[in-house]
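Got a structure for you, written out below as structure tokens; questions coming shortly.
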Amino acid sequence: MSTTELLKGAAELFPDEVVTSAHVRHLDLPFGAGRFALITLDNGLDHTKPTTFGPASLANLNLAVDQVEKEAAAGEITGVGITGKPFIFAVGADLKGVELLKEHKDALAIGKGGHEVFKRLSALAVPTFAYYNGAAMGGGVEVGLHCTYRTVSASLPAFSLPEVFLGLVPGWGGCTLLPNLIGAEKAVSVIIENSLNQNKQLKGAQVYELGIADALFEGADFLEQSLLWTAAVLKGEIVVDRPAVDRGEAWDQAVAKGRFVADSKVHGAAPAAYRALDIIAAAKNGDLQQGYDAEDQALADLIMGGELRAGIYAFNLVQKRGKRPAGAPDKSLARPVTKVGVVGAGLMASQLALLFLRRLEVPVVLTDIDQERVDKGVGYVHAEIDKLLGKGRINQDKANRLKALVTGVLDKAEGFSDADFVIEAVFEEIGVKQQVFAEVEAVAPAHAILATNTSSLSVSEMASKLKHPERVVGFHFFNPVAILPLLEIVRGEATDDASLATAFAVAKKLKKTAVLVKDAPAFVVNRILTRFMGEIQNVIDEGTPVAVAEKAVEPLGLPMSPLVLLELVGPAIGLHVSETLNRAFPDRFTVSPNLAAVVAAGKRGFYVYDSGKPELDPEVAALLKQGDVVLTEEQVRARVLDAVAQEIGLMLDEGVVAEAQDVDLCLITGAGWPFHLGGITPYLDREGVSQRVNGKPFLAPGVASVPA
Amino acid sequence: MPRTVRDVVFVDGVRTPFGKAGPKGIYHETRADDLVVKAIRELLRRNPGLDPKKIDEVAIAATTQIGDQGLTLGRTAGILAGLPQSVPGYSIDRMCAGALTAVTTAAGSVAFGAYDAVIAGGVEHMGRHPMGEGVDPNPRFVSDKLVDESALFMGMTAENLHDRYPTITKLRADEYAVRSQEKAAKAYANGKIQQDLVPISVRNTNAEVGETGWGLVTADEPMRPGTTLENLAGLKTPFRVHGRVTAGNAAGLNDGATASIIASEEFARENGLPVRMRLVSYAFAGVEPEVMGYGPIPATEKALAKASLSIEDINLFEINEAFAVQVLAFLEHYGIADDDARVNQYGGAIAYGHPLASSGVRLMTQLARQFEEQPEVRYGLTTMCVGFGMGATVIWENPHHKDAGGDK
């Protein structure tokens, strides 16, 4: 099948593609270097809608290459360049088109189509030049890799091969060409490490330093300088000398290192990184076509696999739903927040004070029961500001401004009389919290939001004794506050729309991913994690060895094992939350006597790390009283997943969140659960757990899976 | 504190190719500030001896100082060009003599000792900012008969100048225009112009204009090599029925930018910068606004007097060709032939275009090249007429001349 037919067929499957044009324009190069054809990739929209490649876009590029190929063969041009619209080069394949693909052969066609078009750029009768003028990702990077030469703008903000992050491989030449250009070690760092490191982006200078681009020019006259450089290259005045690629042992070591990185991040649970590494390993022999064929197969397999579909679903949740929270009231109802009060000056309160200070840049007042605590809280914030100053994240003026904005007082009346938003982070005890809110209500303005960072208490109950319970909202952060994006915003029974809208507006300014949740025990993340951990604890208590229980959930590829997570949270807090949930739902949530014993013994975790690896602490082992029911890993896994599926099903029935999507968004942004699980419900669906437990999947086919 | 007036030199000048204003022009989708920013960057690349930190001022002229020509262009262009934040800048306006005034104002400050080195230039994007955009002339100009109603329309002032010089016919103006095109084409053929041009990348998204996508401009767009008297004879005279001024014997409406380095001679020599021209004197003069094109005559008289020179001492002239009649009036006044070889050797604005506030530095850049080629010439001048009845003249000494720097 010809490339044209191949792309025509693919385009029919994707009628809503935002089509990128490939404009061919001719120009006379300086220094008499001849007539030159410059291709501009442009989807006709502004820079907020980056240029992408779908089948019709590829067909346009193919037509452009038809034209320049003829001109090159006829000797009418001395070279061909390719660049992007202002601020954007191209950001790769249009994922919307990938989501629509239902059949392996169609997925294969997308891979082949890209290859067939792009590789023509390396087979013209004249040299080709890519000018990475702006953001370049995925297929955008790859189209440039097929060119003879590349320049990059020092202003380029983002350059990556993010395929593995999503669940794909760089499959339009990336896996094959990049290691052949810059060596396997650097290629692995770009394709595997950066992708798995929260999709880290390269800047222009790094693209040059890695050897991906042959020249680096400042943004102000990037294209002019690139074309002058091109003229000099074509006239032989500049000779591009790239270091030879080490095709010896270093190549194998780089691939091995990539596998180690993949194991540490996804624990073998998602195939993309491994497929990419296989292709990189094979690319050692320099056989490009063999590499392209392998890329086509890998792409098609992955596109038809659940991990990628879950990955795209997760990506869209974070990028779209995370920015437009479901169920949030109209933002026009939000009241301005020009001063923030924080009740408590402990570590959590101080961290919250710092976050509000940095993001809102308004006065923040801390209060506590004695001057020493207040001073300590303010001191913590000042020390953190100094750290930011030391790292160059803020300048001296900003540090001065922030420090001047944070104060601490003992008298709530003095501190909160003009505050618009007061958040409490005091001891998790309902009576204490009610007392605190009563005191704040007595002195704060009538419009002030009273927010609680409770992780397990009822927001409605906390508000119940107030004159104005309608302004109480739950504002549940996740530790570490500065790193985890999730903020569960809890609507109490009495909470009004204006207060809720204000809470969402504040969350947006805090740059948090806000999810609206009902005032239900432990809200979303803690409830699911506690049920999950509870089942692990149950099987251990009943007699399954700790190691078996831990290993049982490894195939999920979670960021850490259950007991390591427990250690991070703190066994005492874990126990406290399980007690809360046990009171609410005694039939499903148990309080583990072994965990209680570990907490009572003052242990901070189950493991010791003397050997460098986690090993069960002998003192903990001595505390454990286990039954005699020993399960296999499969049995443990089924039991844990069944419990999670059941709990989420019940939560959706209760209306804790609007949809399963919110559960997944919470788990991704609050617990770091991986993209390849799509949070968790896509995984539960594709493994048949949802059907088994609830009699139906959480998500309709096609939402996070191959469409029917 | 005793002060010594210091010698001021023209170190280097560059410009963008000039474009035709309007939707079909090469710069239709290019910002004005980007044009001057790219000129400044090229100037710095060409003169690595000039440490950007040592630039004391960025003086950028524009006639219509709004939008992408507003926001104190000298300052913003400096930042956009990547100059250190410590380098200040300002904007300047004397309509067509904007860049020329940027040079003389900076030069005065250098001579006084306030500055060592300055970037001076100008930009006018007449496509984005047509002449007269946003103006609000005081009604007293007309009610009190302060100026003739024709004063605001440059083409009409050119017709008025023809009236003042009845011997300057339309034919003479057209002949002059044909020669300007011929000289410009020859200068291009000999590579005299391209060496000081900054290539500019340009985007076109309108298929009706031509190929879409990014292109590169390396040559002036307005030029019409091969223009003949016959071509010009039939052109309309839009400013007066049976008039003499046509699109063919006047500069067009154009887009473009220029930039130059002006420094004290001592600074230039210490930093290994070229000394292309030495400033001798400058002068501005006002005339009746309705005969604006007469301005260079009194301005030149003043500048010559200040330098104790006479017109015979001047052996190279760069006269801005806003209108052929304005050049011819100047030549007639000083008794110089229409086709005198000392005048506009590379052709002028009739061929290259006249993006108002940028043109002064183009004249200087071209004069500097002619000085290099003709060391036997000691003095040259750059002069131009200015809207609302003014003239501006700068007299330069050729540092390559054997007697340069000494007494006359």
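Even glycines carry a Cβ here, placed using N, Cα and C.
Reproduced below are the annotations present in TrEMBL:
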type	residues	note
ACT_SITE	B:C96	active site, acyl-thioester intermediate
ACT_SITE	B:H354	active site, proton acceptor
ACT_SITE	B:C385	active site, proton acceptor
DOMAIN	B:8-266	domain 'Thiolase N-terminal'
DOMAIN	B:276-397	domain 'Thiolase C-terminal'
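Help me understand the surroundings of these features in the structure.
For B:C96 (active site, acyl-thioester intermediate), the count of additional Cβ atoms within 10 Å of its Cβ stands at 31 [all protein chains shown]. Mapped onto three states, the DSSP output places B:C96 (active site, acyl-thioester intermediate) in strand.
Same-chain residues at least 6 positions away in sequence with a Cβ under 8 Å from that of B:H354 (active site, proton acceptor) are, in sequence order, B:F18, B:C96, B:A251, B:G252, B:N254, B:N320, B:E321, B:A322.
A simple way to gauge crowding: the CB of B:C385 (active site, proton acceptor) has 33 other CB atoms within 10 angstroms, across all the protein chains here.
In the predicted model, residues of the domain 'Thiolase C-terminal' (B:276-397) average a pLDDT of 98.
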On the DSSP side of things, how many residues of the domain 'Thiolase C-terminal' (B:276-397) fall into helix, strand and coil, could you say?
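Taking the domain 'Thiolase C-terminal' (B:276-397) as a whole: 54 helix, 34 strand, 34 coil.
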